[in-house]
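> Take a look at what Swiss-Prot says about it:
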ACT_SITE  SER1258  active site, nucleophile
ACT_SITE  ASP1376  active site, proton acceptor
BINDING   686-805  nucleoside 3',5'-cyclic phosphate 1 binding site
BINDING   846-966  nucleoside 3',5'-cyclic phosphate 2 binding site
COMPBIAS  370-388  compositional bias 'Basic residues'
REGION    238-260  region 'Disordered'
REGION    300-331  region 'Disordered'
REGION    360-388  region 'Disordered'
REGION    761-785  region 'Disordered'
REGION    1507-1528  region 'Disordered'
MOTIF     1256-1260  motif 'GXSXG'
TOPO_DOM  94-115  topological domain 'Lumenal'
TRANSMEM  73-93  transmembrane segment
TRANSMEM  116-136  transmembrane segment
Amino acid sequence: MADGNLLGSSTSLTALLPTPSSASLSASLSSSSLPVSPFLAPAPTTAITASIASLSAQPPPPLPATPATMAGWIGWVFSFFFQFIPSVLYSVITFTTITLPTWLFTLFSMSLTFTMNFTTLLLILLAVVSTLGWFVRYRFLNMYSRLPPEPQRKEPQIDLFPDVQGGDSKPGLANYLDEFLSAIKVFGYLERPVFHELTRTMQTRKLIAGETLMLEEEKGFCLVVDGLVQIFVKSTRDGKSGSDDELHHLGAESSDEEHHIDGKQGYQLLTEVKNGASMSSLFSILSLFTEDIQVWDSQSSTSSSSSIAMRAARVPDSTPNSPRGGMDSPTPIFRDVPDPVSLVNENGDLPLVPPLHLEESPIPPTNHAHDRRQHDHRKHHGRKHRKSVHPDIVARAMVDTTIAIIPASAFRRLTRVYPRATAHIVQVILTRLQRVTFATAHSYLGLSNEVLGIEKQMTKFTTYDLPNNMRGTALDRLKDKFIKERDRLGTEEVTKGIALHNPSAGRRRRSSSFMRKDAVLHAKMMSPKRAATVITSDNSYDHDSAGVSPGDLLSTIQQSRFGPRYEQPTPRLRSPLAEKENSHFRLPAMQARNAFHRKESLDEDALFRECILDCIMKAIGLTSSTGEVLRKSSHSGEASPKLLSYDSRRQKAVFSNNAFGFIDPYEGSGDGETESMMSMSVTSAGGTSPVTSLREELRNDIEIVYFPQGSVLVEQGERHPGLYYVIDGFLDVGMPVVDKGEDLVGVSKPATAREPFPTLKRTTTASSIKPSATAANDPRRRKQSRKSLYLIKPGGIQGYVGAVASYRSYTDVVAKTDVYVGFLPRASLERIAERYPIALLTLAKRLTSLLPRLLLHIDFALEWVQVNAGQVIYHQGDESDAIYLVLNGRLRSVLESADNKLTVIGEYGQGESVGELEVMTESTRPATLHAIRDTELAKFPRSLFNSLAQEHPGITIQVSKLIAQRMRDLVERPVTEKGAERSSAGGVQTATSTLNLRTVGILPVTAGVPVVEFGNRLLHALHQIGVVNGVTSLNQSAILNHLGRHAFSKMGKLKLAQYLADLEEKYGMVLYIADTNVNSPWTQTCITQADCILLVGLAESSPSIGEYERFLLGMKTTARKELVLLHSERYCPPGLTRRWLKNRVWINGGHHHIQMAFRLTAEPSHPETKRFGTVLKQRVQVLQAEIQKYTSRRIRQTPLYSAQTPFKGDFHRLARRLCGRAVGLVLGGGGARGIAHVGVIKALEEAGIPVDIIGGTSIGSFIGALYARDADVVPMYGRAKKFAGRMGSMWRFALDLTYPTISYTTGHEFNRGIFKTFGDSQIEDFWLEFYCNTTNISKSRQEYHSSGYVWRYVRASMSLAGLIPPICDEGSMLLDGGYIDNLTVDHMKGLGADVIFAVDVGSIDDNTPQGYGDSLSGFWVAFNRWNPFSSCPNPPTLSEIQARLAYVSSIDNLERAKITPGCLYMRPPIDAYGTLEFGKFDEIYQVGYKFGKQFLEKLKNEGSLPLPEETEEEKKLLRTMAPRRASI
């Protein structure tokens, strides 16, 4: 009560008194209570303390009311500071100095006593320990379960942009110009004056529905502007055509579906021509351009009668356009006086026209009536056989149709006025003829005999023997030189041939710019003298030409920028007869005599080279053909000199182009630098030029090479290295023969480097194990796998068609005997073709005269189609009307499901075909086909297929083989299975997406990325890997240097497209490097031309979207896109890649980690270096290196990886991925037996075999992830051994046991072991591409994981049912992937791996036959196990039966993997070790290492080890471009 009164009094006092007095009172009360008894003290102390606390906790005393005046404000502030703040300070001091010590004294003076028994104490101790254990277990040791969620990256959605193209038919004539331009795109790039010249005489014609047009009677280029026309061909069943003698080429002649046209039977439908398509074929265009070109040189006679007989064997009558004017009975030609009239009219002259008509040439005046009669006869005979460029072809309009016709006269005039442009067009058409018609017939339809027969018949035009005095003793002396050198070198050193030493080789060619300037200077200095020479009398001309050899002739030609230097000067004011008498085009023997007389002081080697060059030049048409065209031009000039002069001035002002001398003789030669790209000019005769002539230049290029018997000069599929002129010996031209077993799938198999180009698939993933280059050169093997076609005898030329027209060889050429050849490189031939269009025109004329009827009709029906990027070629469900062959570009086939989900079925690159199955079965299109980029296609219409099937069943069989192979692939791996597999795997690669990539665009993410250096290093790596047909890179400067300032203008767009298409056809791969700013046309070109786009970014920079990526998205390209991250060190921080990929859903081709040393800013130590000297710089660098050695957490690479194995570099890995030649490593599961994987990988490292992709199952996924993380065997070994030690601990296993509801263990220790190994790393951060597989028991399917946390999916792949619980992933339960597929070779093949090393360490089941009867007693089984005398095998236990049942599907996949092409199956001898014997790490590791060494050594001895060095040797196709020189 007293306490209560005291408390109440204190409270009342507090309310009445000021703060200090109340505080003193409470202090006195508390001090007076100290001597109280200890038993009574706590109560009053507590009460007083409460009062003190209440006093201190109470708010300060109420302040006076807020004053209204300034003095009141000041007083209020003073009262606040002097009352409130001191009271708070006093309360704090009192609590810390009095109250708190009192509490502590009371607490420590208190004594407590607890009494309990041992059981209670033990229970409390267990509770405390369990609580601490739970806290540590679930708070500290369970960090792996608290990682932030990182779901797998989903497959990007396929971009299929709406088709903006209008389709085939456009209404009316509104788009007349568009249709016309699309039709004449076949001519390639046309400059404006050429276009006007070609189209100014164009005519249009209206055809009503059902009207028939006899194309046989149409001499011109026909195209459909509006409407629909059907093209028919006369069936060979009639056999009455004048050009139907080649029935042996055409097979069966029966025709069930024939059409009636004008009451006649025997016509078959070839194709239907729609808007903007040509009714003429490539062959007919060549015929129009080359009407005035001679097929062979009628003046040239060789010293060999056999050659004369060979040339007398004329073109067979079956050829549609065989020029036969007076050639059935060749008459001897006098050496001294060649007949110019026969030269002019041998192919039939043009019809007689008035003299002033510019488009036709009149008959040249002649004084010999016999010549005139002979001319008339030949003219009539030639006209009869040249009446049509469309033999046996009839067109019928299905609807009212408008067609446009460019008459033949326009082409003849174009050839005269613009010969350079004509040669350019002919070059384009020759290229397309090879890529469209020849490649389709040879590689797709199997018409090898027809195609190769053209090259065989071409030898009759190109055989010219050496003069007699260069044979016999001179040839023997030449052979002796080579024999001595061969004996000195040995047989092994001469497989590539021995080249005769050329003393002039060192001074071969000056730079082109120097020669241009020299030529221009000389032209200006010599122009008055040239003019005087032109108008001199015949005597002076005779004097100048007396004793002139062809070499002297060449020296008289001006060498302008693109000028000719091997064409006859054109004396304008001379009669044809006088010109005939003073012709410079002598016969070979006289040429040789003059040459020898002029070169008496030189040795025989130079004479050999000169004679070989003479023969080669005559063979390619640089002889009388040139003179004949010059004479025709002079005739035209004589008939209308003023008009010709005016016309030449007009064309010089607009489009200067003169190859054959169509220029006014008084016109001075302009500056070579100012001429057009197509321009040329010719000087007149008179004097010799000091400028180095083409002849002198080429004579230094001629190599005389010796090849021993069996040497390979040209391989099939190789671009011709040049011309081989056979001096002595025989060359065998043949082709490889596919084995019987491979014949069924030979068409659809990807081609190797030795297969023809282009084939259906040039880049391979199935031809991994190929014999080495030495095996390929084995004569015994060659005899077994090679079919000989024909021989090339001395005097013959090999590679004429291929080298001049830049074709690829359909055959291989082998030395039948020891052979001596003259070799002219392809580069020299290209210079000839550039300066002398007559060479190309002669080749075109010869080709058209030899084309078989079957190829002619195929050429008519094949349509060359140009498709823009993103354009849909056909939609799913459309009627199938054609087969499409990819000439250039890339297509993608997309399947659209009912829920509008798009699935990629396949991608088709250059040389591949699509649509055969639907055409043959006449079904609808199963999927939508669209162009990934700008694409050129050959459209093979169904009507042509039906027509060929009736007359040539072999073609049907060939296509049926292809369809059978594709159906087999479809059965073995259905489309739906692939789609489900990819969607569940999280990966985005498809089986076809990495195949046959021809163009790669290199695009920076943002400005500042060193893409040029990256591109150069990638180019170097591709060169070292050995890409088929080579690789090149393009940047803006390279394009500008080649095409000039109009490269990116509207005018040059077609020119650029054609140039890029030619490059892509010439090289196996083209790199487009976007080294310009974002909005430049070159960046746009790089994007639109790329099959695959590499987005290059700096890993350490910001992962935000860059400006180049925004531009890329705006382009709406559907090309494959891959991300390349450049690292300065060989280390990727965890989570870095995920940040880059998170916002880039358009990356649909994976990513790559590349180490590349780069520096965007200058080193900070450079300024100090200048001020403090080199000593300080060295000290700083040493200290920095030492500090980084101990402080950096990044794993340093040992020299084992980088220095000794250069092919394992990052750029080489990227190069192999792009080429489709990646090396995959598949590691199977098997528990502790998987430790052998470590030894096998070490053996692969020591053998120098690079690994690009790693896939694993169970323990294989663990070992594979360790290797993929760092791409080094050293850290992999240490971490694997540490993990094996944890797994071998029985204490950890025992502590992890739990009640076996789902599994025997909780899985915690297992999780921690894996997590301690990998940490929070993600699969995307691995240096090598990695995946692992699991079994999803929730959805009953297999899944592949290539993104997300490593430890989770490796743990899931290692989860053995019953021992470890399944891991949960997005609601599904994942178990060991080995239950479905323990060796994932099939998926690795789908990722683009060419060679796969598959290591199987799984257990082998006991397959002992059982015979325990129809019922079984468990007691008997138990007794039988312990009975040592029992002869009955022990039946499997219940757990064994369940385990075998779980692995049923895995066994089937394992057997399929063993026979997969390109798979090297390895099984180390580890059957003696159990699944959980992790304690035997060193022992199992040594077993795997020794087995790997022995296995790889065996492969190396067999020649089937895919070492980079051997692969490089296989690609060295140019046998003579770098021959071994011998100074003989």
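Note: Cβ is positioned from N, Cα and C throughout, glycine not excepted.
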> With DSSP as the yardstick, break the topological domain 'Lumenal' (94-115) down into helix, strand and coil residue counts.
15 helix, 0 strand, 7 coil
> Which three-state DSSP class does GLN716 (nucleoside 3',5'-cyclic phosphate 1 binding site) fall into?
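Its secondary structure by DSSP: coil.
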> Measure from the CA atom of VAL894 (nucleoside 3',5'-cyclic phosphate 2 binding site) to the CA atom of LEU731 (nucleoside 3',5'-cyclic phosphate 1 binding site) and give the result in Å, rounded to a whole number.
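About 49 Å separate the Cα atoms of these two residues.
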> What is the nearest of the recorded positions ASP701, LEU791, ASP1376 to PRO926 (nucleoside 3',5'-cyclic phosphate 2 binding site), using the Cα of each?
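Smallest Cα separation from PRO926 (nucleoside 3',5'-cyclic phosphate 2 binding site) among ASP701, LEU791, ASP1376: ASP1376.
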> Helix, strand or coil for VAL894 (nucleoside 3',5'-cyclic phosphate 2 binding site)? Use DSSP.
strand
> Neighbour count, 10 Å Cβ-Cβ cut-off, for PRO926 (nucleoside 3',5'-cyclic phosphate 2 binding site): what number do you get?
16
> Please compare the recorded positions ASP701, ASP878, ASP1376 by how many other CB atoms fall within 10 Å of each one's CB, and tell me which has the fewest.
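The recorded positions ASP701, ASP878, ASP1376 were compared, and ASP878 has the fewest Cβ atoms within 10 Å.
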> Far apart in sequence but close in space: which same-chain residues, 6 or more away, have a Cβ under 8 Å from ARG942 (nucleoside 3',5'-cyclic phosphate 2 binding site)?
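In sequence order, SER880, ASP881, ALA882, ILE883, VAL919, GLU922 meet the Cβ cut-off.
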> With DSSP helix as H/G/I and strand as E/B, how many residues of the motif 'GXSXG' (1256-1260) fall in helix, strand and coil?
2 helix, 1 strand, 2 coil
> Say we define neighbours as other CB atoms within 10 Å of the CB. Which of the recorded positions GLN716, GLN910, GLN958, SER1258 has the fewest?
GLN958
> For GLN716 (nucleoside 3',5'-cyclic phosphate 1 binding site), which of the recorded positions VAL894, GLN958, ASP1376 has the nearest Cα in space?
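Given the candidates VAL894, GLN958, ASP1376, the nearest one is GLN958.
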> Among ARG846, LEU862, ASP878, GLN910, GLN958, these being the binding-site residues, pick the one whose CA is nearest to that of ASP701 (nucleoside 3',5'-cyclic phosphate 1 binding site).
ARG846
> ARG846 (nucleoside 3',5'-cyclic phosphate 2 binding site) has how many other Cβ neighbours within 10 Å of its own Cβ?
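The Cβ of ARG846 (nucleoside 3',5'-cyclic phosphate 2 binding site) has 25 Cβ neighbours within 10 Å.
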> Measuring CA to CA, name the entry from the binding-site residues LEU862, GLN910, GLN958 that ends up nearest ASP1376 (active site, proton acceptor).
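Among LEU862, GLN910, GLN958, GLN910.
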> Please name which of the binding-site residues listed here, ARG846, ASP878, VAL894, GLN958, is nearest in space to SER1258 (active site, nucleophile), Cα against Cα.
VAL894
> Using a Cβ cut-off under 8 Å and a sequence separation of 6 or more, which residues in the same chain sit near LEU862 (nucleoside 3',5'-cyclic phosphate 2 binding site)?
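Those within reach of LEU862 (nucleoside 3',5'-cyclic phosphate 2 binding site), by Cβ under 8 Å and sequence separation of 6 or more, are SER281, VAL436, THR437, THR440, ALA938, LYS939, PHE940, LEU944.
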> Can you tell me whether DSSP puts ARG846 (nucleoside 3',5'-cyclic phosphate 2 binding site) in helix, strand or coil?
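Note: ARG846 (nucleoside 3',5'-cyclic phosphate 2 binding site) is helical by DSSP.
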> Which has the fewest other CB atoms in a 10 Å radius around its CB: LEU731, LEU791, VAL894, the listed binding-site residues?
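Lowest Cβ count within 10 Å among the binding-site residues (LEU731, LEU791, VAL894) is LEU791.
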> For the C-alpha pair, I'd like the distance in angstrom between ASP878 (nucleoside 3',5'-cyclic phosphate 2 binding site) and LEU791 (nucleoside 3',5'-cyclic phosphate 1 binding site), rounded off.
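For ASP878 (nucleoside 3',5'-cyclic phosphate 2 binding site) versus LEU791 (nucleoside 3',5'-cyclic phosphate 1 binding site), the Cα atoms are 50 Å apart.
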> Could you give the mean pLDDT over the topological domain 'Lumenal' (94-115), rounded to a whole number?
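Looking only at the topological domain 'Lumenal' (94-115), pLDDT averages out to 91.
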> Work out the three-state DSSP category of PRO926 (nucleoside 3',5'-cyclic phosphate 2 binding site).
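SS state of PRO926 (nucleoside 3',5'-cyclic phosphate 2 binding site) = coil.
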> Can you tell me the three-state DSSP label for GLN958 (nucleoside 3',5'-cyclic phosphate 2 binding site)?
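SS state of GLN958 (nucleoside 3',5'-cyclic phosphate 2 binding site) = helix.
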